[in-house]
Amino acid sequence: MVFDFGTLVASLNRLSTSDHQSVVSINLFVALICACIIIGHLLEENRWMNESITALVIGLCTGVVILLISGGKNSHILVFSEDLFFIYLLPPIIFNAGFQVKKKSFFRNFSTIMLFGAVGTLISFIIISFGATSIFKKWNIGHLEIGDYLAIGAIFSATDSVCTLQVLSQDETPLLYSLVFGEGVVNDATSVVLFNAVQNFDLSHINTSKALELVGNFLYLFASSTILGVVAGLLSAYIIKKLYFGRHSTDREVAIVILMAYLSYMLAELFYLSAILTVFFSGIVMSHYTWHNVTESSRVTTKHAFATLSFIAEIFIFLYVGMDALDIEKWRFVSDSPQLSVQVSSILLGLVLVGRAAFVFPLSFLSNLMKKSPEERISFNQQIIIWWAGLMRGAVSVALAYNQFTRGGHTQLRANAIMITSTITVVLFSTGVFGLMTKPLIRLLQPSPKHLTRMISSEPTTPKSFIVPLLESTQDSEADLGPNVPRPHSLRMLLSTPSHTVHRYWRKFDNAFMRPVFGGRGFVPFVPGSPTEPSGH
């Protein structure tokens, strides 16, 4: 055997060059994320801009610079990876959403949230899929199968309400914030479940049994993913309550909380379930039980750690979407017919508007029929804000589009390239234009009470004041339900005040059976020689 030293050196040189390029790319991306945070801070009080739009604009500008430097050959420094998005970036965002949610408001409006997030997404999916099939089949955009059209429906049903949530306040508009926030998470999960269901089914011969099987698979994924998230959260609470790592090391305590949270997401991926739903409900359960079983310092650390990871991941995603929007490879396919690309993007944007309106206003009417208290009903102005909040499309839509229409981030088919560029166009337009108009629209339709704004702005920003308002609503006592809520004595009363009644019985069950086993608020872990260990908030 002859040893080819020259080949080995050439291989090492290529490897060294590749590693150096990766280091350069990572350095540039970290620097851009820092720039986004600094500029976002400087624009904090700006009427139009927010950090999502800032990251998108910086990504676009960086893409233009790279495009010019490379002589029009490249516009991004990282190739899109589904693993990077679904395995590393999305979990901290969704988990933090569940971990921070005001659970009392979320579950009090749970029926409305599920109505918007699940039923509404299905309605939007049907309208967008049907509209795309009816229109695009008549146009010369290339070959698309029925599965592609259904995938388009799932892709553009996934909303991105980040811009709206950055403007709304949980304290000023608890009902509106709860609905927009809850619907956004359930919508993402529903869209991904629908997308996976469409990909896994043979759609060459659609009939009634196939449709029922699709619905059954959707319901199974929804239920099993939720159950897995709850079980994972309870398991983490039980382990930390029994072993109490904090008596020796808070580092271990924080590490096990973070790793158990991530494990819930990966377990869902392992069993082909909806990881978004799993990690969201795992976050809710862990904030209700696990978080109260750790030491005071660990609570502050985990709270800020999850929020920080989520914040960085969101900026990274918007930055990348802005940079990838100028990918020459995909735009080259539509360069000969830019008018067609604009038409496709316009139709998709129109279907998004129609699909959103088709369920927000009718389902709001149905929800209001079930509410007896005027404070719990959704006003027309709030309905417009909810409709507007769901018009923006973001990273989930881009990730699903890449999954369906590319292989390894690349595509060589004209129809697929058109769908990718159209998706990017809709994301940029909706996030840029609709996102810029979000703050003025909300201030017009939902003006903030001046005394409440002053009260919130004057609060100290110590760690405790940051944490307590965020999670205190999960620990509300029965008295928080108000003196005017009678105890249920009949089925009729149960149906007339379902959320209050369910909450009351849940509190009794939680105090009697769950907290003695899994801990929670009021749990004081025993530390030998330290009887004064701080208890929960």
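All positions are counted from 1 along the displayed chain.
Cβ atoms here come from the backbone N, Cα and C positions, even for glycine.
As recorded in TrEMBL:
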- 20-43: transmembrane segment (TRANSMEM)
- 31-442: domain 'Cation/H+ exchanger transmembrane' (DOMAIN)
- 55-72: transmembrane segment (TRANSMEM)
- 84-101: transmembrane segment (TRANSMEM)
- 113-137: transmembrane segment (TRANSMEM)
- 218-240: transmembrane segment (TRANSMEM)
- 261-285: transmembrane segment (TRANSMEM)
- 305-323: transmembrane segment (TRANSMEM)
- 344-365: transmembrane segment (TRANSMEM)
- 385-405: transmembrane segment (TRANSMEM)
- 417-437: transmembrane segment (TRANSMEM)
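Counting only same-chain residues 6+ beyond the ends of the transmembrane segment (55-72), those with a CB under 8 A from a CB of the stretch are 28, 32, 35-36, 39-40, 314-315, 318-326, 328, 428, 431-432. Here the transmembrane segment (417-437) has long-range neighbours at 48-50, 52-53, 56-57, 60, 141-142, 144, 148, 152, 155-156, 160, 163, 318, 321-322, 324-325, 330-334, 340-342, 344-345, 348-349, 352, 388, 391-394, 397-398, 401-402, 404-406, 411, meaning same-chain residues at least 6 beyond its ends whose C-beta is under 8 angstroms from one of its own.
For the transmembrane segment (218-240), the list of distant contacts is 118, 189-190, 193-194, 196-197, 253, 256-257, 260-261, 263-264, 267-268, 271, 273-286, 288-290, 293-294, 517-520: same-chain residues at least six beyond its ends, Cβ to Cβ under 8 Å. Highlighted: of the candidate stretches 84-101, 261-285, 305-323, 344-365, 344-365 has the greatest count of Cβ pairs under 8 Å to the transmembrane segment (113-137). Contact between the transmembrane segment (84-101) and the transmembrane segment (344-365) is not supported, since fewer than 3 Cβ pairs fall under 8 Å when only residues 6 or more apart in sequence are counted.
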